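Here is the structure we will look at, set down as structure tokens.
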Amino acid sequence: MLVPRALRSLLCVLSCAWLRTGAASRLKAPALPIQSEREPVPSKGLSGCSFGGRFYSLDDTWHPDLGEPFGVMHCVQCHCEPQKSRRGKVLGKVNCKNIKQDCPDPDCDDPVLLPGHCCKTCPEDNSDKKQTDSVLDPFEYFHEKSKEKEDDLHKSYNDRSYLSSEDVGPEESRTDFIAVLTGVTDSWLPSSSGVARARFSLTRTSLAFSITYQRMGRPSKIAFLDSDGTTAFEYRVSKGQSDMICGIWKNLAKPLIRQLQSEQMRIRMTTLMNRGEEVEGKIIKHRALFAETFSSTLTSEEENSGMGGIAMLTLSDTESNLHFILILQGLIKDKDPLLVPIRVQLVYRQHILREILANITSHDPDFAEVLTDLNSRELFWLSRGQLEIAVATEGQDPRQISGSITGRKSCDTIQSVMSSGDALTPGKTGGVGSAIFSLHDNGTLDYQVQVAGLTSDVVGLTIELKPRRRNKRSVLYDLTPEYNKATGRAVGGWSRMEARHIHMLLQNELFINVATAHSQEGELRGQIKALPYSGLEAPRHELPTPLAGHFVSPPVRTSASGHAWVSVDRQCHLHYEIVVAGLSKTDDLTVNAHLQGLAEIGEIDDSSTAHKRLLTGFYGSQAQGVLKDISVELLQHLDQGTAFIQVSTKLNPLGEIRGRVHVPNNCDLGTRGEVEEAEFDDLFVKDPEELKKDPHTCFFENQHHAHGSRWTPSYDKCFSCSCQKRTVICDPVICPVLTCPRTIELDSKCCLVCDGCYFEGDQKMHAPGTAWHPFVPPFGYIKCAVCTCKGSTGEVHCEKVTCPVLTCSHPVRRNPSDCCKECPEEERTPTGLEHGDMMQADGPRHCKFGKNYYQNSDNWHPWVPLLGEMKCITCWCDHGVTKCQRKQCPLLTCSNITRREGSCCPECTGEKLIHTHTHTHTHTQKAYS
């Protein structure tokens, strides 16, 4: 029996031994028409636990997700416990326990059980606790702003895409950090004049970073240092002209995450161009990061001073007050007294506009203040990036740092998906709008917008505020004059953006609206918001592929839409990032982790399903990943622009939104799974000057090679050389033994490759990518299996045929050689054939679930370890196939929803139930064998 992978893991935890990294058994599922790309296997030597097809670091905790229809087990908590083996190696062991008995007793008479929780809690007091910013301490203002963001404005109009804390699921929770990097005085390199600002976002075990720098050359490497000063991660910076560095550190170990959270880590940047420079700083949390919309990097005119700082600024929501926080490094010296007087100035072209005198302490040099009532000229200069902030010490030895104030910079992408479901008057048109934006230091906002699938001509394309009343829109900027009807696009720049509008843009408070002749108030609408940098190799500066129901075959009138960035790298791996809006959500409000959509990629021609691949299932509004092992045909379709990306849902399993993808590539031979190591090393080429200074570098064939690198020497492609601490070792390439009779020689390869596959059964050659029923003497053709030829390796891969599930009581096999049975003509009905995932040919008629066997037509409530019998889920045996279904619950329209203990469905509390109904469509079933 094949049960959901996470359920297998939970069953195994109670009876299996160690779950080691890479050592957990991988149970192979029967071949499906579409196969999902598995998550990357953890790096060799990385300790942790494998559970349900996912990898967890040591000391990670999680609630197991058993998949449909079981969902997330909120009352079960699993822990990856570090354990030592007999040889002293640290391994991970999964331990799961029921945490319901640990729930505290609520301190109220009528506790409620909220969806997605295990323990009952007291109803929250939603009294309005807002304060005006005029009475707040400057530090507290930033903190209060982050809380207000979660307490949305009243929603008397639609705009349901407005970002709130409810939209952020557990997988999307993130923690932000900041660091100021200045010259290091105790380094073997001379102190630097450079100053860098680094901003970090931690999501699960990945740390994305955006770094800007001034008064220094482009860094060659970035090192993350742990509490002992040891390099925990090193990032090689690619060559480029931009002053922005974007990167990501994946698979942080749990101990390092704890150090990061407790502010024990540092970051160091080094450049070895011309003369060596090094800047370093401490990574800290800061509550001002959430509200920051303007920023400044402060540098000193003094050479090699080691001084610097940053200013984080934000405007008041209702008044023209500019709040700021300064983080200073090196400005205050050890010899300075405990209290140091400073002078903070707001400057325009060397003219002092505002000045603040204050005292700061040498042990806590951070400073916060508010500049009140900025006039129209000051706000104009702020929007154009023409204001400076300067900080100077008073006394006999004055020191000063200063910098220009601009809109906040990051590697995130400012984008918007416009859907009919998010229009002020929601609809289902199947149309789509997609937009990307770029904010410059001078306040200009460049935009690229595309629309498709509309019901009528565009009459208005506008950037707007969130309306205070349903039918009173607040238009800020009209893009309509730039709209080209022939292309469906608008490209241009908003050059007169006010400081208030920049602030709102970077706080995700602006919207883009598409009005048409049939929908004058707007057929499509979307929130303009930042898409966090994820490290994927996709060109976000280019317009993404629009996804719409209009492009599905046949077209679907849906409220949803989306867009996707797709690229193919040197190894012919496909990188993708998908953003959707308006997708229909699951009926069961108590399980938030149900897959909201399934994304796949394939050919435009639906008649062939051979080259269709499942990309991912996703929960919220976006999905991303890398797809490897792509067929030659699919890569060719991507190159020719005849491929598509499609998102399917429970309501539209054959496709809800779709878009045509064109990704030019040179992958004529398919995915290069075995990339030459020398080619891989080329991606991380070190600076020649840096290589010369490294004592472990090798010099060979007039080139320097880094320690540990491998390459093919120019004198013979059939040798492979490596550098091991100044020693070059070259070995002959050992070619694999090929079983095919016909081989070909490629110019770039040493070894011969198969020109197709040779199959012993029929003693024939088969072309790469072809499929056939195997011939096995003396039985003849085996129609219950299909074999395929895998490219240049000459490997033949055979799988069982998937047969349909039959609804008749007496199926027959028409010919002895047939694999699948059929219903007799007299028993065949219009619904006599249904698609099934499992094979029915001569299989057992009973079902096995857990340790129990069930006869055909038996039904039962499944038993799950630690939780016992799941009374809200019913399973039954259907001709050897186990199917399970969660009890369907009515859709509630009340705002206060809870669930009584022992009840399967949520209920309304504290108010009258206005309206309930149950969806009439068939609930998706999950089949297991």
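Each residue, glycine too, has its Cβ placed from N, Cα and C.
Computed from a predicted structure; not experimentally measured.
Marked as signal peptide by TrEMBL: 1-24.
For the domain 'VWFC' (47-123), DSSP puts the residue distribution at 3 helix, 32 strand, 42 coil. For 47-123 (among others), the entry in TrEMBL reads domain 'VWFC'.
Per TrEMBL, domain 'CHRD' is recorded for 173-288 (among others).
The feature domain 'CHRD' is assigned by TrEMBL to 290-409 (among others).
According to TrEMBL, the domain 'CHRD' annotation covers 410-533 (among others).
Per TrEMBL, the feature domain 'CHRD' maps to 539-666 (among others). With DSSP classes pooled into helix, strand and coil, the tally for the domain 'CHRD' (539-666) is 12 helix, 50 strand, 66 coil.
What TrEMBL lists as domain 'VWFC' is 696-755 (among others).
Averaged over the domain 'VWFC' (755-824), the predicted model has a pLDDT of 74. According to TrEMBL, the feature domain 'VWFC' maps to 755-824 (among others).
Marked as domain 'VWFC' by TrEMBL: 845-909 (among others).
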What counts of helix, strand and coil residues does DSSP assign across the domain 'VWFC' (755-824)?
3 helix, 28 strand, 39 coil
For the domain 'CHRD' (539-666) and the domain 'CHRD' (173-288), decide whether they are in contact, meaning at least 3 CB pairs lie under 8 A, counting pairs 6 or more apart in sequence.
no
Counting CB pairs under 8 Å, which listed stretch among 173-288, 410-533, 696-755, 845-909 touches the domain 'VWFC' (47-123) the most?
845-909
